[in-house]
Amino acid sequence: MSPLSMSSPATGPVSTAAAMGIGSILVGQVPGDPAAVRAVATDWKQTARRFWDAADLADYARGAAPSFQGVTADAFRRGTRELTGALERNAQDLEAGVGPLEAYARVLDSAIAAADELREFAGRSLLAALGTPAAAIVAAAVVPAIAQAWAGILAEVNLTATHTAAALNTASAAGASVQGAGAQAQGGKGKTDADNKTPYKQELSDADIERIKRQLDGGEDWDDVSQGELGDCYLMATLQAYSWTDEGKQVLRENVRWDESRQAFIVTLYDDGEKVEVEVTDVYTYGNGQTDLIAVYERAYGKHFGDEAIRDGGQPSEVIKHISGNDSQVVDTIGWKWGVLPQQQHEYTDDEWRTIEQAVEAGKPVVASTGSGNFDDGDQVTAMADTNDDGVIRSDDENEGVTVGEGKRSWKQGVTPGTEPDEEGQYRIVGGDYRGQGRTSAHAYTVVAIDDETVTLYNPWGRNDTAGDYSTPSGDLKDGYIQISRADYEKFFGKTTIEEGD
């Protein structure tokens, strides 16, 4: 926009610079430098990323010292776990402050632009008053309005500064209370901390007991997991991984029995390599979506390891050890810079891809985590899902596709599996600042299939949110399965946990 020009018989044409110089008598400078504020926000964001990378490395180190045994190993794992938690809390504190700082910078930009316009207007009004008595009368009437507008600009800036300071103090005090916080964030929790619902339990009904007995006997299957309102996606994704194969289902069945004398299900878990028996007579009210064998495991896990294990997230490797007694192999996207320094690269090597492929083909539990994924440019992916609800995810150029719904409630009656291709769409991967609250979240998915180009996952939420303007076809039944490219998998899923052993 061209600078305004005003003239009077006394002054002639008035330049913008002259007008603003005179106007500064009434309109001062906005306190604050938006460029400096943005620089701080950028620095905090970059520093937070360094903390996340350092947390990844600390977590990686837990499994990098196989020669440690006994109390030495326990002390080492405990120390690295505490270090990981501290690093993640620092990262979350910084990230929580980035949003308020960026918002403050935007307000400063607007205030400076508004003050410049007001200052020029004030200067031209004052200079015009020198020309004629009539203009002087008008200027006298305008001056109070200018003063009031300037006061309003300052008030908005000061209010925003106060809110920003409060937000930064809150972020600093929040520490580990934010979503996915602490040493467990890499495994994921997948729910917010707004309301802790682990205290709510409900007794198993006679119908529930009989249903679970049939599932234990193999006479009835159980549905895919459906994470409720608890922060245990890492547990649910791992239980889904066991439920995905016949061998895994047998592991779950063999470790639960009904005790008639106690009128309870007895669940065998492993704690520090020792078998422990947990008595279950109720389940979490806001836990798994169905009252079935999965709900019994969820309750047993929380009962033995504490509700915080259900509320605060955790590591899939811990669940594997507690369910089966087996160790895990963690494959991650940390590479080596110059062959010496470990660095987050968001890429799997060919050998690591083969390790994941072989594990999936062998029917081993495989769980993927987004805690160290790259969400810098958003969480959107182009993906395939079972949009026609025939139990198969199939693209146009595939002959068979990937079976995901056999025996599951997502199948529609009378539909022949795999005869029609599914629709490609835009979906979101859970991670990063998923809820737009300035907090980093982590989530765990089950890996169910892999080929040369794609990885098929199950989201324990039992659904995958769409992105942008895309919506699934009318009547589509949500089932939680999603097929993404290998490139997107290694971008968003920085850690893959695989059960070791036969």
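Note: Cβ is positioned from N, Cα and C throughout, glycine not excepted.
Database features, via TrEMBL:
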type	residues	note
ACT_SITE	CYS233	active site
ACT_SITE	HIS443	active site
ACT_SITE	ASN459	active site
DOMAIN	224-502	domain 'Calpain catalytic'
REGION	389-424	region 'Disordered'
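Under 8 Å, Cβ to Cβ, and six or more positions away along its own chain, ASN459 (active site) finds VAL430, HIS443, TYR445, GLY480, TYR481, ILE482. Counted within 10 Å of its Cβ, the other Cβ atoms near HIS443 (active site) come to 31, all protein chains included. Secondary structure at CYS233 (active site), as computed by DSSP, is helix.
Of all the Cβ atoms in the protein chains shown, 32 others lie within 10 Å of the Cβ of CYS233 (active site).
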